[in-house]
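Chemist: As annotated in TrEMBL:
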type	residues	note
DOMAIN	2-139	domain 'EamA'
TRANSMEM	35-55	transmembrane segment
TRANSMEM	67-86	transmembrane segment
TRANSMEM	106-135	transmembrane segment
TRANSMEM	156-177	transmembrane segment
DOMAIN	156-293	domain 'EamA'
TRANSMEM	183-203	transmembrane segment
TRANSMEM	224-243	transmembrane segment
TRANSMEM	249-270	transmembrane segment
TRANSMEM	277-295	transmembrane segment
Amino acid sequence: MVWVAFTILAALMQSIRTAGQKHMTGSLSTLQATWSRYGFGLPLAIVYLLLLWVNERPTSLKLAGQFWGYLILASVAQLLATGLLVKLLSLGNFAVGTTYAKTEALMAAILAAVFFGAWFTVWTWLAMVLGFAGIALVSLQKSSVTKKRLIQPESLLLGLGAGLCFGITSVFIRAGSQLMPTSALFSAAFMLTLSLAIQGGLCTLLLQWRQPDGWRALWQQQRLGWFIGITGVLGSIGWFTAFSLQEAAIVKTLGQIEFLFTVLITYRFFNERIRPVEWIGMTLVLLSIVLLFQGNAG
């Protein structure tokens, strides 16, 4: 199961990239930190694609309009999801919103079933729910969220909206890659490079419009920017390749192992003690992974 290795790579790189972006947002805006992921990551994605191109030498890349529609939809949905999370930051209710955004795997499963006739076992659905429960338990406990804030309509809608958009991204990346007459590796690299180009272009226009003086600060932080770009591209290579090999909802359910990596990174590099609720959350995530493999053993 090659997709498992790529998913673990993606989850690990994403947790490392997130740590880098958190460090960067201490001196730069969220928009600048977001641009660094696309701006510094795109050149690396192009190099990766060219290496695969030389190795595979695809004879034809005539792609139907359906492919381009899927690509644009996935790219814009990911940017929109990021924007919804940024909006949640301004509400002071970020933990609640991001917890609802973790419904991404469930959203992806529903979307895949509705639009592409995907079918999932009971074990897989249970794995998705358990994984979400483990992450939600820790997120809400750490932020001491009250019941009133938990059902606040704006945070609920923004969080679920972000989860839906992330789900759209995952499902339509897979759908687009399935339309390409090339290997899974090449299809994933091709979609990744084009997606980063679209997102980077839109993010560049937005940064130039909102913060035209922000480029100098980005240049001064270029070492950290390249770190984010490299880890971001490695993570995206993992996600996109895994999506091309396996249903997006299943990939994202296994991808919740990122939570374990994040806790361990926090413990190892920031000397933060792992609390009992985090042990419970990690246990639920691990149990969800066991159930996931139980439901997809064939």
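Heads up, the Cβ atoms here are built off N, Cα and C, so glycines get one too.
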Chemist: Mind tallying the domain 'EamA' (156-293) by DSSP state, helix then strand then coil?
Modeler: 122 helix, 0 strand, 16 coil
Chemist: Give the nonlocal contacts of the transmembrane segment (156-177) in its own chain as ranges (CB under 8 Å, at least six residues past its ends).
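Modeler: Same-chain contacts beyond the flanks: 67, 70-71, 73-75, 77-78, 80-81, 84-85, 87-88, 91, 96-108, 110-112, 115-116, 184, 187-188, 191, 195, 239-240, 243-244, 247-249, 251-252.
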Chemist: Residues sitting near the transmembrane segment (249-270): Cβ under 8 Å, six or more positions beyond its termini, same chain?
Modeler: 3-4, 7-8, 10-12, 14-16, 18-19, 102, 104-106, 108-109, 112, 118, 120, 124, 127-128, 131-132, 134-135, 138, 167, 170-171, 239, 242-243, 278, 281-282, 285-286, 288-289, 292, 296
